[in-house]
Every structure is written in C-alpha cells, then in structure tokens.
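Undergrad: Take this structure first; my questions come after.
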Amino acid sequence: MKLTWSQVTPEATYLSRRSFIAAGAAVIASPAFGLSGKPSAFSTEEQQNTLDEITNYNNFYEFGTGKTDPARNAGALKTSPWSIEIGGMVDRPGSYGVEDLAPDSALEERIYRLRCVEAWSMVIPWLGVTLASVLEKAGVQSGAKYVSFQTAVRPDEMPGLRGGYIEWPYREGLRLDEAMHPLTILATGLYGKVLPNQNGAPIRLVVPWKYGFKSIKSIVAITLTDQQPQTSWQMLQPSEYGFYANVNPTVDHPRWSQATERRIGAGLFGGREETLMFNGYAEQVASLYSGMDLAKNY
Ligand SMILES: Nc1nc2c(c(=O)[nH]1)N[C@H]1C(S)=C(S)[C@@H](COP(=O)(O)O)O[C@H]1N2
Ligand SMILES: [Mo]
C-alpha cells in the first residue's frame, strides 16, 4: 500500500495545506542573529522542508552544477560588506548596503513553495522584505517597465564560473508589475537565521509563482529599464526557458512534463504531487496575465 500525504500528516494540516494562513503565523525570533519576522498573510501552512534539506539540495551554478556542490563550495563567498548597485530608470541611483535595503527590523517571514523547472519542490520559510519596498527607496521613474538583476561574479570565490555553461553574470528579470507584487520578496534569511551562502546570501530574489530559476541569488545589481531584459536561461536555451517562466502544469517543458512534482523529503511515502497553476498563487497573480497566451509566453 502506498501512503498518501493525508495518512502521514495531521488532518488539520492536510485540510489547509493548499490554503493560506488568514491571520498570521507565529512570530519567530532568533536572538543569536537578531533576526525576527513579522507574520505574513501570504504564507502557506504546508509542511516545511528541513533546514538540512533546504541547504543541501541546491541549484547555484556559480558553485558547480551538482545539487550538493553549493553546500560544499559556497562557504568561500564573502558576503559582508555587500551592496547592490541600483540604476537605470530610478530617481536615486547608487550603491545601497544590504542592511539599508533590508533592515532586520523590517523583515517578514514568508513560507513559500519553491517549484524548480526540473519538477522538484520544497517549502521554505524565508525572511525578507518586499522588492517593492526596495525599489521605492531608489524611486522608480514613470517610464520604467522592467527590472533586471545580476548575481556577483567572483572567480576566486566561485569555482563554478570555470564551467562555460552559462554566460556570467547570472541574469534575471521581471516585468515591473511582477516586481511590485506583494508576493515578490528579497530574502536575507531563512528559518529565522541569516541566509546560508548556498541559498543566495546575503540577498536573493524569491518569486514564488515562477520556476525557481527566476529567483536569482547573491544579487549585486538591480536595473530599471523600458526593455525586456536578457535572462540567463532564456539566453542559453530560448525554446525551453522563457522570460515569464510562470509555473504552469498545462505547459510542458519540451523534454518533460510539468504536470506533477516531487516534494523533496517526501520521497519515502509520497508519490508525486500535482503541480498547481502559478504554483498555487493563482488567486494572487493570475490577473497579471489576463489576456496573455501563457503557452506562447512561457
Ligand atoms: N545566481 C544564481 N541564482 C540562482 C541559480 C543559479 O544557478 N545561480 N539557480 C536557480 C534555480 S534553478 C533554483 S531552482 C533556485 C534554487 O534555490 P535554492 O537553492 O535556495 O533552493 O535558485 C535559482 N537562483
Ligand atoms: Mo531550478
């Protein structure tokens, strides 16, 4: 007999696992790091992956293409001091320190599903601030339509840069309305602690309704533009990876189905779970794409 999730999970959790917490999660606090998160109405109540799972099964090609390479290699990344160059179509371009963009006092906890385009998923309790709050600090100009992001390039600290697979720096981008959406955050922590290097320290994007590759790590540049920016996976293989990359169980990857996913850590009991439209965030984000052909704009 194959056990289903409902047989290994308390019923209350099962019944609400696809729903959002209405009134807020427990406030967490970590005196060791001084990080604490205010509760968020956007968090899922699904069972969270363990810290061990979240920090030992990663994609971070700057440190190697294997899932355990980042855990082994990312410790070399010097994450302090760290600043982000915010430029392009903003009123106040310049170099912004991470501590000013995401002060500990402003951090919120967001427990989000993360769905990789490779069809595995996790639930991760991030700490972060909305990207909107960061962009407002720089003052977005009225002509701006897109936001582009770049990861650090540090050959001495990133052994994966020698792999010629991706044209470095790793690049990502969002439409401005996606960037300003309240679900979109810049994370500086997880599980109440400072973000581990393999997860994108000191500051990374998290866009929970898009495939994981959109959630770019260790960001050093944010640029507001009126042109759709180039993004790493689209540059590499445009027929397989689009600019939007919204999680969509009805639009398959050319080489595999996107209808289901494997929840990391659930392997012993679980079969695969159904992948949800917009990764379960349709209620919040579907209106951003009304009138768009999502099979074309993959
Ligand atoms: N700079 C950079 N950001 C990146 C990646 C990467 O290789 N380099 N991999 C992406 C992919 S494919 C995924 S699924 C997520 C994984 O995030 P996690 O390791 O914190 O779970 O990071 C994304 N951000
Ligand atoms: Mo991914």
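Cβ atoms here come from the backbone N, Cα and C positions, even for glycine.
Curation plays no part in TrEMBL annotations; they are all automatic predictions.
Just so it is clear, the model here is predicted, and its values are computed rather than measured.
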Undergrad: So TrEMBL lists Asn58, Tyr61, Glu62, Cys116, Asn199, Arg204, Ser215, Ile216, Lys217 for Mo-molybdopterin; which of Thr79, Thr151, Thr250 goes with them?
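TA: Of Thr79, Thr151, Thr250, Thr151 joins Asn58, Tyr61, Glu62, Cys116, Asn199, Arg204, Ser215, Ile216, Lys217 in the Mo-molybdopterin site that TrEMBL records.
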Undergrad: Name, in the order they occur in the sequence, the residues of the same chain whose CB lies under 8 A from the CB of Thr151 (Mo-molybdopterin binding site) and which sit 6 or more residues away.
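TA: For Thr151 (Mo-molybdopterin binding site), the qualifying residues are Glu62, Trp168, Pro169, Tyr170, Arg171, Ile216, Lys217, Ser218, Ile219, Val220.
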Undergrad: Indicate whether Asn58 (Mo-molybdopterin binding site) is helix, strand or coil by DSSP.
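TA: DSSP call for Asn58 (Mo-molybdopterin binding site): coil, neither helix nor strand.
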Undergrad: Listed binding-site residues: Asn58, Thr151, Arg204, Ile216. Which have a CB under 6 angstroms from an atom of ligand 1?
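TA: Cβ under 6 Å from ligand 1: Asn58, Thr151, Ile216.
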